[in-house]
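Noted in TrEMBL for the protein shown:
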type     : residues                                                       : note
DOMAIN   : 62-401                                                         : domain 'Amidohydrolase-related'
BINDING  : GLU143, HIS211, HIS232                                         : Zn(2+) binding site
BINDING  : ALA154, ASN235, ALA236, ARG243, HIS272, LEU328, SER329, GLY330 : substrate binding site
ACT_SITE : ASP294                                                         : active site, proton donor/acceptor
Amino acid sequence: MPSNKSVSDAPITQFVNCRILKNHRLQWEDLWVREGKILSPEKLFFDEEGFADHKVDCGNKIIAPGLIDVQINGGYGIDFSQASGDIRRGVAQVAKKILEHGVTSFCPTLVTSPPDIYHKVIPELRVQDGGPEGAGVLGIHLEGPFISEQKRGAHPPKFLRTFKAGGVADLMETYGHLDNVAMVTLAPELANSAAAIRELSGRGIAVSLGHSMADLSQAEEAVQNGAMFITHLFNAMLPFHHRDPGIVGLLTSDRIPPGRMVYYGMIADGIHTHPAALRIAHRAHPAGLVLVTDAVTAMGLPPGQHTLGQQQIDIQGLHAYVAGTTTLSGSIATMDMCVRHFREVSGCTVEAALEAASLHPAQLLDISHRKGTLEYGTDADFVVLDDTLTVRETYIAGQQVWRK
């Protein structure tokens, strides 16, 4: 037990023989944990005259902040957009399984659905801390139905909606309520969207631009109204053009309000985005890149037919298609796969690859004061990896929740 000058009788764990990701670089340093938080050793030694109760030898491995997935539609046979008999059990099943991929927090994502589905599912998907039972839920990502018909991708056209008047009335009529919602993806060129963007942003909900025909000026106006994310960059939007780069142009726009950052999601599965396009985006705006899986029901399952919301999808190898088409419908990638692929094809540093799946999504959701870093006082959610970036152990609140 720590000395009697310690502010707490709670046990202290010291992780040794490790490289920890801190201040954007890997450094040989011990990691100290108490009561689910990262502890400052200086405070412990000099203020409390305390010491470690337990030591964990990490065998020269890397310790990085727990990975965060802000766009995941389901997995392991579970579809978050289906109003099944036990919605919470389905979310819990996915939350448990993604621990093995280093994910400690996530945003269950609902694709375009009829209002009755939203009204049933949204109240069941509650924000909750992670633990041995699974990764934590940071809030819901509502992808649609306020998106472009032309760029709907795998979203069913009959359930798409427009803003009749803008603002809260359209949102409430569709979604029922916005409790536990962390993010909404919409198309900013839709009439009356500006009021909805301002309403959502004012409630602390991240607004993402996606499934959209917007030109750059429309995208910039949306950012000025509060939008701050781009859903799966390059996919389901106008292609980059030198006279009007569209939403992609936000990466280098000079009309972003001072002090604001635009983040963008990348599905680094080797299918959704060509390596050269991924490199262009990363080199243009490295600090904004957020790795997402966009994983669907079939993640972790064999090839065959599965569902995504109200659509049937076919899994062929590593590709997920809307049944009977060549339209991509999410991915079956896991977050650790995306980190490794991004590192390999972009040529970025190990630190950059890991921060794209931890620090950047935490910054996007405005939770980097407690998640996505290993700074003192933050939640002790972290992952232990070997030099190939293969996950070996996952910890939430300082407790080991998965081990290879």
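Note that the numbers count up from 1, one per residue, in the order the chain is shown.
Cβ from N, Cα, C; glycine included.
Taking the features listed in TrEMBL, we show where each one sits on the structure.
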| residue | record | Cβ within 10 Å |
| --- | --- | --- |
| GLU143 | Zn(2+) binding site | 30 |
| HIS211 | Zn(2+) binding site | 29 |
| HIS232 | Zn(2+) binding site | 25 |
| ASN235 | substrate binding site | 17 |
| ALA236 | substrate binding site | 25 |
| ARG243 | substrate binding site | 6 |
| HIS272 | substrate binding site | 22 |
| LEU328 | substrate binding site | 21 |
| SER329 | substrate binding site | 27 |
| GLY330 | substrate binding site | 32 |
I'd like to know which of the recorded positions GLU143, HIS211, ASP294 sit within 10 A of ALA236 (substrate binding site) at the Cα level.
HIS211
Can you give me the Cα-Cα distance between HIS272 (substrate binding site) and ASP294 (active site, proton donor/acceptor) in Å, rounded to a whole number?
10
Should any of the recorded positions ARG243, ASP294, LEU328, SER329 have a Cα within 10 Å of the Cα of HIS232 (Zn(2+) binding site), which are they?
ASP294
In Å, rounded, how far does the Cα of ARG243 (substrate binding site) sit from the Cα of HIS211 (Zn(2+) binding site)?
21
Near SER329 (substrate binding site), which of the recorded positions GLU143, HIS211, ASP294 can be found within 10 Å, Cα to Cα?
ASP294
Round to the nearest Å and give the CA-to-CA distance linking LEU328 (substrate binding site) with GLU143 (Zn(2+) binding site).
16
Here's one to test understanding: among the binding-site residues GLU143, HIS211, ASN235, GLY330, whose C-alpha is closest in space to the C-alpha of ASP294 (active site, proton donor/acceptor)?
GLY330
Return the residue, from the listed recorded positions ALA154, ASP294, with the maximum count of other C-beta atoms within 10 angstroms of its C-beta.
ASP294
